[in-house]
Amino acid sequence: MFRNNQPDQNNNEDENNTNLNSNNNNRTTTTTTTTSSNINSNNNNNNNNNINNNNNNNNNNNNNNNNNNNNNNNNNNNNNNNNNNNNNNNNNNNNNNNNNNNNNRDFIIRTIMQDLRLGIRDIIHPSTLTGLLGGYINALANLDQNQSSSSSSGASGSRSGSSALNSINNNNYSPTTSSLNRVRNQYNQVVRDEEDDDYDNGAEDGFDYDGDDNEDGSDSACESKKKRGRPRKPTPERCSNCKITHSSYWRRITVNGQKLDFCNACGLHQMKRNNRIKESKQRHSIQNIMNQNQEEEEEEREEEEEEEEEEDEEFETLEEEEEDDE
């Protein structure tokens, strides 16, 4: 009995072993499946997190770019507005300066004409003012100003169409007209004499034109002796600088190789400017610089000679002192 049962026990043990192996296999398969699923889920989560992070970074970059663009646009707009405001302010300042200059020029012209009206009373003897009462003395101020508006038409073709003279002639005041002509001729004589002095003292080809020529030829009789030999030149249309169309005295001055016509004030200013340019060119010329260099070299030589003489004198004094000591 005992021997017959031994093989059965062995069989049972084999079965148990097989069952254990199968259980172990099942456990390993379950563990491998669970670990693989966990790894896959972790990978998916990591991928999702990376995608979300990338999206967030892209959104942040887009927002930053938009903010930078907006800031740049705002800065550009502010700069443009500031530039426009500055330009407007500069234009306003220029306009104000031009208005001030025009006002100053008008004031100077009014002052000059007032001085002329007052000066006529001092230059001319009171007896020649007979018939000029009634406001006609003020017509003298308009003679030169209305030359440009004088008409060139007429039977005689002369330039005696000044509105101031026409207003007097139309009233048929012959004493007033003759007195006015005498006053104007005497005044022109004084002006010519003064301007002749300016011409002889360095005016560069200036010439005068006093307006209308009288029919009786009184203007030619009043010409100064210095100008009788010179032919009368035509009146310029306008000043090359201030564009004024009337002046009692015109100056023709060379500027940059061209001869230009200037009124009296602009001509004097241009002459001074030409003189300054000429002096500057002479001062900075090569010959002047060479002369200055020669003078500096001579001064240096004189200083060196003086130093050598002083050294010789000191040496001689030292020798004399040594001889005395011996």
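Cβ atoms are placed via backbone N, Cα and C, with glycine included.
Swiss-Prot has this to say about the protein:
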type     : residues : note
REGION   : 1-102    : region 'Disordered'
COMPBIAS : 17-102   : compositional bias 'Low complexity'
REGION   : 145-238  : region 'Disordered'
COMPBIAS : 148-164  : compositional bias 'Low complexity'
COMPBIAS : 165-189  : compositional bias 'Polar residues'
COMPBIAS : 193-218  : compositional bias 'Acidic residues'
ZN_FING  : 239-266  : zinc finger
REGION   : 277-326  : region 'Disordered'
COMPBIAS : 294-326  : compositional bias 'Acidic residues'
### Task
Provide the three-state DSSP residue tally for the zinc finger (239-266): helix first, then strand, then coil.
3 helix, 13 strand, 12 coil
### Message
As a quick check of your reading of DSSP, tell me how many residues in the region 'Disordered' (277-326) are helical, how many are strand and how many are coil.
### Response
47 helix, 0 strand, 3 coil
